[in-house]
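What TrEMBL records for B:86-284 is domain 'ABC transmembrane type-1'. Look at TrEMBL and you will find B:36-55, B:86-114, B:134-153, B:223-241, B:261-281 tagged as transmembrane segment.
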Amino acid sequence: MTWTADQPIVSIKKVHKSFGTLEVLKGVSLDVMKGEVICIIGPSGSGKSTLIRCINGLNDIQGGSITVEGQEVHTPDLDKLALRRKVGMVFQQYNLFPHKTALENVMMAPVKVLRQNKADVEARARALMKKVRLEGKEDSYPGELSGGQQQRVAIARSLAMNPDVMLFDEVTAALDPETVKEVLVTIKDLAAEGMTCILVTHEMGFAREVADHIYFTDRGVIVEHGPPATFFDEASDPRTQEFLGQIL
Amino acid sequence: MKRIAGINSPARSDMAVLKPFDVAAHVPDGFLFTRWMAALPWWTPFALMMAMVVYPQIAYAQSNFSTAEAFDALWRWMPFLLKSGFFFNVLISVLAMTIGTLAGAALGLAQISLLRPVRAGSWFVTQLFRNSPWLVLLFIVLLAFPFEIRAFGGVIRIPDWIKGVIGLSLPVMANISEVVRGAVQSVPTAQWEAAESLAFTRRQILWQIILPQCYKRMLPPWMNWYAILTMATPLCSLLGIEELITLSRQAMESEDNHPELLVPFFGFALLLFFAYCYPIARLTMRLERKFAVKL
């Protein structure tokens, strides 16, 4: 089966995932079309992060299926490296490589993994640093950058692989309030350029602004979903209402 | 937390309280010797020297061989003991450390292999040599190794001191193996995940991302083991290898074995080892503190 752009770029069907006896995903399904921006919200422990970590194979699943561009993620014959070239991921704790400068962090994967020409990669990496508004910080080490700056380097690092889908796992949760905005602006730029983004976030205002579709998860299931306008104003499920009531 | 095959045990849960208790974080760090030595005040060698001068006068005041004569003998032997004795100890320690480090690095990497038999085998070898008395290892190597090898149409003789080097490098290898394994495991698993999600292979992650972060944190324990190894080189005198202690004994014999010679000669040996290892210990603890703050 070859994938075409009119099919979901990421398709999650009835996914079950447990850690030992603890079932964290109990049959979650959702589809993401190319260029869409999806926000997954919900109380902590509801399985949001686990879900997006399953998309690039960082977590395995016990049942159901996940496909990225038509390729099943959870089969033994999966080419994990091929999948991860298509799917970029940004983490809550940035996870930059502390022994490399910001520019080297961005350049490393394209040079070492994709074996691209170093000079070309450097030019692209500098452009990406500019894009995330970190011009002049190329030679700084992660330890010398603020949380927000590190997170933007992490985004540039992921973008350097030219992914088709970007996963954002609570990327602003560890940041100071004043640096949250600079990261959100970066993500908003990306979304505006048509990048397919799947975000786990607690920033409701941001979700409302950028998302094409919002999914609310609680205790391992998707309780409710819809476009932001209807979701935030017409949420019908009592669990959604309770959550939104606490957060907004 | 995610499980990195070969690196850590499977997390049964994402909830912190349900995670397995991290035993490694709660055992002594193996810096006991260096910490003790570095804690000594700088004037310790001078105090030792004073004790050397004073002790024989009290103990052997009635003897006809004076302390002055004993120190006179030491003075005459000093250049020889230093050049033929102590430098040989240093040579043995440097060679044993080199071999032990190379073999230990390989063994440590084998301990985090994906292949279960390799992991189990290297763990067993590490524990075996780490927990055996050094002297026993020395004797085993001395007695079990051939004194000559027939190869390339000729006979290559293996001198005893080479066997001593090999014998000492075994416990060093095992301890360096643990240092390497521990350092790799001390890098947060998030680093593995970040690299994995950038499509790095396991081998690339280990060599390009994890190990480069380990070198710094491996340096202090590595230096700690070098100091311990150097202090252990006199064990070679029991094998008849002509290092500082062997030569000191021979020198005392040629000076008619007066008991007054014991403290000056062995005290001199002690001072030499102290002078060599003390700066290493101080530097080790300084680096340890410096690197501990970072990361």
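Quick reminder: no glycine exception, Cβ is built from N, Cα and C everywhere.
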### Query
By Cβ distance under 8 Å, which residues at least 6 away from the ends of the transmembrane segment (B:86-114) in the same chain are close to it?
5-7, 121-123, 125-126, 161, 164-166, 168-181, 184-185, 202, 206, 222, 225-226, 229-230, 233-234, 236, 241-244, 269, 272-273, 276
### Query
Which bits of the chain, at least 6 residues beyond where the transmembrane segment (B:36-55) starts or stops, bring a Cβ under 8 A of a Cβ in it?
67, 71, 227, 263-264, 267-268, 270-271, 274-275, 277-278, 281-282, 284-285
### Close approaches to the transmembrane segment (B:261-281) from elsewhere in its chain (Cβ under 8 angstroms; 6 or more beyond its ends)
33-34, 37-38, 40, 44-45, 48-49, 51-52, 55-56, 70-71, 73-74, 77-78, 81-82, 86, 89-90, 223-224, 226-227, 230-231, 234, 244-245, 248, 251-252, 255
### Message
Under 8 Å between C-beta atoms and at least six residues away from its ends: which parts of the chain pack against the transmembrane segment (B:223-241)?
### Response
30-31, 33-34, 37, 89-90, 92-93, 96-97, 100, 134-135, 138-139, 142, 160-161, 163-164, 167-168, 172, 175-176, 179, 249, 269, 273, 276-277, 280-281, 283-284, 287
